[in-house]
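Here's what TrEMBL has on this protein:
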DOMAIN    46-146  domain 'Pyridoxamine 5'-phosphate oxidase N-terminal'
BINDING   ARG66, VAL67, LEU68, VAL69, ILE70, LYS71, LYS89, GLN146, SER147, TRP191, ARG201  FMN binding site
DOMAIN    178-217  domain 'Pyridoxine 5'-phosphate oxidase dimerisation C-terminal'
Amino acid sequence: MTDLRELLRAVPSVTGTAPGWDPADAPDEPRELFVEWLVNAVDNGAREPLAATLSTVDATGAPDARVLVIKNVTDDFRIDIATGLESAKGRQLVADPRCALTFYWSALARGVRVRGVAHAGTAAESAADFLARHPDARAIAATELQSSPMLDPDAHERLIEAQRARIASDPNLVSPTWTLWHIEPSCVEFWQGMPSRDHLRLRYTHESSGWRRERLWA
């Protein structure tokens, strides 16, 4: 049997084609560069370009993480996500809004790390986001059971079907727990992988006077 360690070491990494980028040409603030990289990932067919790992902490301070999709990047540089308040991430953001997002576009050998604080959107914003979702996604969210133990698998589909029926009879139905969150970045790091492993890293840190920009060692 092949040794697992040797098998894993044989798998190539940083195989994407990195676009040309000179950190010295980066803008003074990170939003412009983040949007540029995000749109570039979309335009170049990167898989799941809106996917990001959201990291939070639970009530004991233990780290938690899951992959989700972002909904928007606002003009004042808030990165939007959404979830039900009953979910693990919803409960954790209410208790401690400090969080992080990690993006990785392997086809472009690019990644972005974002640290910041999540702010709950208004009821109107949350409702608009909920109603923009696919009806099946709304039906699942309307159960308000995300992250709960599935005690009766046979009742699972019946419950979702009941929510589908509710939505069909009331297309404007909105789950009261559904919340749009605006993540306000305080630190944003851009990473571009290089075949030489001398990777390019640029970090922006928000201070009272504005954004501080600095290169980092690979």
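A Cβ is built for glycine as well, from the same backbone N, Cα and C atoms used for every other residue.
Of all the binding-site residues listed (ARG66, LYS89, ARG201), LYS89 sits in the most crowded Cβ setting, with the most other Cβ atoms within 10 Å.
Here the binding-site residues are LEU68, ILE70, and the one ringed by the most other CB atoms within 10 angstroms is ILE70.
Counting every protein chain shown, the Cβ of SER147 (FMN binding site) has 13 other Cβ atoms within 10 Å. Taken residue by residue with DSSP, SER147 (FMN binding site) is part of neither helix nor strand, so it is coil. The maximum pairwise C-alpha distance among ARG66, VAL67, LEU68, VAL69, ILE70, LYS71, LYS89, GLN146, SER147, TRP191, ARG201, the residues recorded as binding FMN, is 36 Å. Secondary structure counts, DSSP: the domain 'Pyridoxine 5'-phosphate oxidase dimerisation C-terminal' (178-217) has 0 helix, 30 strand, 10 coil.
Confidence annotation: the domain 'Pyridoxine 5'-phosphate oxidase dimerisation C-terminal' (178-217) carries a mean pLDDT of 98 in the model. In three-state terms derived from DSSP, LEU68 (FMN binding site) belongs to an extended strand segment. Secondary structure at LYS89 (FMN binding site), taken from DSSP and collapsed to helix, strand or coil, is helix.
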